[in-house]
Structures are given as C-alpha cells and as structure tokens.
Amino acid sequence: MQRGNHTVTEFILLGFTRDPMMQLVLFVVFLIMYVLTVAGNTSLIGLICNDSRLHTPMYFFIGNLSFLDLWLSCVYIPKILVICISEDNSISFAGCLAQFLFSAGLDYTECYLLAVMAYDRYVAISKPLLYSQAMPMKLCVFLAAASYLGGFINSSVLTKKTFSFDFCNDNIIDDFFCDLLPLVKLACGRTDGYQALMYFLLSSNVITPIALILASYLFIIATILRIRSTQGRLKAFSTCSSHLVSVTLYYGSILYIYSRPQTSYSFDTDKIVSTFYTVVFPMLNPLIYSLRNKDVKEALNKLLK
C-alpha cells in the first residue's frame with residue numbers, strides 16, 4: 001500500500017489518551033474486564049456443555065453467542081492492553097487487516113445470531129409443546145452455521161474493498177482498533193462506490209436482522225396477548241427479557257455509530273460507544289443470560305456441589 005512515495009507497512013493507533021497515569025488506569029480497567037469476559041463466557045459455555053438440562057435450542061444459541069463474545073474480546077482487548085502499557089501504538093498492515101476482518105465478521109455474525117434467537121423465542125412461546133420438534137438440532141446447527149457464513153462472507157467483501165484503497169493521507173488511526181470510519185478517513189481517491197457498499201452491508205447485516213427481530217417480537221406479543229392468565233403472560237415474556245436487553249444494547253450502539261451522516265461523526269464520542277459493543281457487551285452477556293435464568297443457576301449450583 002502506497003502513501004505518496006512511501007510504502008505504508010503499519011498504522012498508528014492513537015488509543016484513548018497519552019497521559020501515562022490515565023493509561024495505567026485504563027490498563028487495569030481493561031484487564032479486569034478481559035478476565036471477567038473470558039471467565040464469564042467460558043463458564044457459561046462449560047455449563048451448557050456439561051448439564052444435559054441445558055441441551056436445548058435456546059442454550060445452544062446462547063452458547064454460540066458466548067463463543068462469539070469470547071472470540072470478539074480476544075480480537076480487541078489484547079491490543080488495547082499493549083497500547084495502554086507500552087509506548088508501541090503501532091499495528092502492522094497485515095495485523096490491521098486481520099483485526100478488521102475478524103471484528104467485522106464476528107459483529108455481523110452476532111447480528112444474524114440475535115435474529116435467529118428472536119425466532120427461537122417466538123417458536124418456544126407459540127409452540128411450547130412442539131418446541132423440540134419445531135427446532136430440531138439439525139436446524140439449530142444450520143441456522144448457526146449460516147450466521148457465521150453470512151457474517152464472514154460480508155466481512156471478507158468489506159475487508160477486500162477497504163484495504164484496496166491507497167492510504168495516502170496518513171497512517172494514524174484515531175481509535176483503539178482498526179475500525180471502518182477511521183480507515184475510510186485515511187483513504188484517498190473517490191470513495192462514492194465504497195459508501196454505497198457500506199450502506200448496502202449496513203442494511204443487509206444490521207437493518208435486515210433488526211426487521212426480523214421486530215417481526216418475531218410482533219408475533220410474540222400477539223401470542224402472549226392470547227394467553228388468558230397474567231402469570232402465564234409474565235412467564236412467557238420473561239423468557240424474552242434477556243434477549244431484549246442484548247438486542248437493545250448491541251444494536252443501539254452499532255446504529256449510533258454507523259447509521260449517522262458523516263458530518264456528525266465525532267471520533268472521541270464514537271470511541272466510547274465502540275468500547276461498549278466491543279468490550280463491555282461481551283462482558284455483560286453472561287450476566288444478562290444467567291442472573292435471571294433459573295436453569296443456569298441450578299446448573300451452576302449442581303456443578304459447585
């Protein structure tokens with residue numbers, strides 16, 4: 001990749017701050033979050049694999065979500081820790097490309113998976129007695145595999161197009177990871193076609209899953225309203241509460257960053273919001289799906305005993 005008459009072999013990540021004391025504080029904070037993320041998601045995956053009562057479609061998808069969050073945290077946080085504790089803010093061109101590829105692929109996969117989980121909740125509430133027959137394991141594996149495949153195919157297309165640009169403006173990325181918007185800012189030449197591709201991928205990987213989630217919840221609400229007892233309605237709705245929290249937090253932060261016009265971009269604000277869906281959300285997911293989940297609590301108590 002050429003920059004003027006020089007070859008760009010690396011990028012410089014500015015991170016959050018250059019204040020040594022704040023960098024040390026951030027290192028401790030991110031290290032704690034990383035340990036909690038790895039421990040929480042690994043524990044949840046272990047519980048789902050270990051306890052036969054959790055061998056259901058819902059927990060199969062939750063286990064995949066935990067795997068995605070575990071992988072996602074490993075894409076971002078180790079580099080953040082290096083930036084905070086050392087003076088080396090550089091990332092190689094190949095390393096930036098790989099981080100971009102995996103981060104986009106995992107994010108897109110999670111978008112699809114959350115839509116699949118919404119459909120799973122609809123089937124569980126509308127057909128409780130036929131749930132296992134309506135969601136056989138073969139179908140669950142197919143839906144999960146399709147989520148991964150779709151996510152990484154779209155990520156590969158976006159990565160190939162993004163890194164085919166000449167980064168002639170600079171090699172300094174005003175972020176803590178190789179993200180889409182800072183990289184586009186560095187690109188020279190016309191980016192009109194790229195923006196069209198970006199909006200197409202946004203609609204296919206974010207807007208379409210959101211539409212599927214909304215449709216699933218409209219059917220869920222219609223089904224819940226047909227339940228006569230208040231207790232039955234509350235019980236049915238409670239099975240969706242964790243998923244609703246995940247969807248709101250995850251899609252809210254992504255839409256805030258990528259659906260706004262370019263004139264309203266603020267890299268300082270976007271860094272904070274990006275931290276939420278790249279670092280905080282993977283840490284919170286195990287808590288969201290276990291704190292109010294009776295089956296997970298029982299499985300954990302059984303394992304501890």
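Every residue, even glycine, has its Cβ placed from backbone N, Cα and C.
What TrEMBL says about this one:
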TRANSMEM  24-47  transmembrane segment
DOMAIN    40-289  domain 'G-protein coupled receptors family 1 profile'
TRANSMEM  59-78  transmembrane segment
TRANSMEM  90-119  transmembrane segment
TRANSMEM  139-157  transmembrane segment
TRANSMEM  206-225  transmembrane segment
TRANSMEM  237-259  transmembrane segment
TRANSMEM  271-291  transmembrane segment
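For the transmembrane segment (237-259), the residues of the chain that approach it from at least six positions outside its boundaries are 58, 65, 107, 110-111, 114, 117-118, 121, 124-125, 180-181, 198, 202, 206, 210, 213, 217, 220, 224, 270, 273-274, 276-277, 281, 284-285, 288-289, 292-293, judged by C-beta separation under 8 angstroms. Long-range Cβ contacts of the transmembrane segment (139-157) within its own chain (Cβ-Cβ under 8 Å, at least 6 residues beyond either end) map to 57, 60-61, 64, 101-102, 104-113, 116, 120, 197, 201, 204-205. Non-local neighbours of the transmembrane segment (90-119) in the same chain are 1, 8-13, 58, 61-62, 64-65, 68-69, 71-72, 75-76, 79, 143-144, 146-148, 150-152, 154-156, 158-159, 162-163, 173, 177-180, 183, 201, 205-206, 208-210, 212-213, 216-217, 243, 246-247, 250-251, 254, 277-278; each lies 6+ residues outside the stretch with a CB under 8 Å from one of its CB atoms. On the 0 to 100 pLDDT scale, the domain 'G-protein coupled receptors family 1 profile' (40-289) averages 86 in this prediction.
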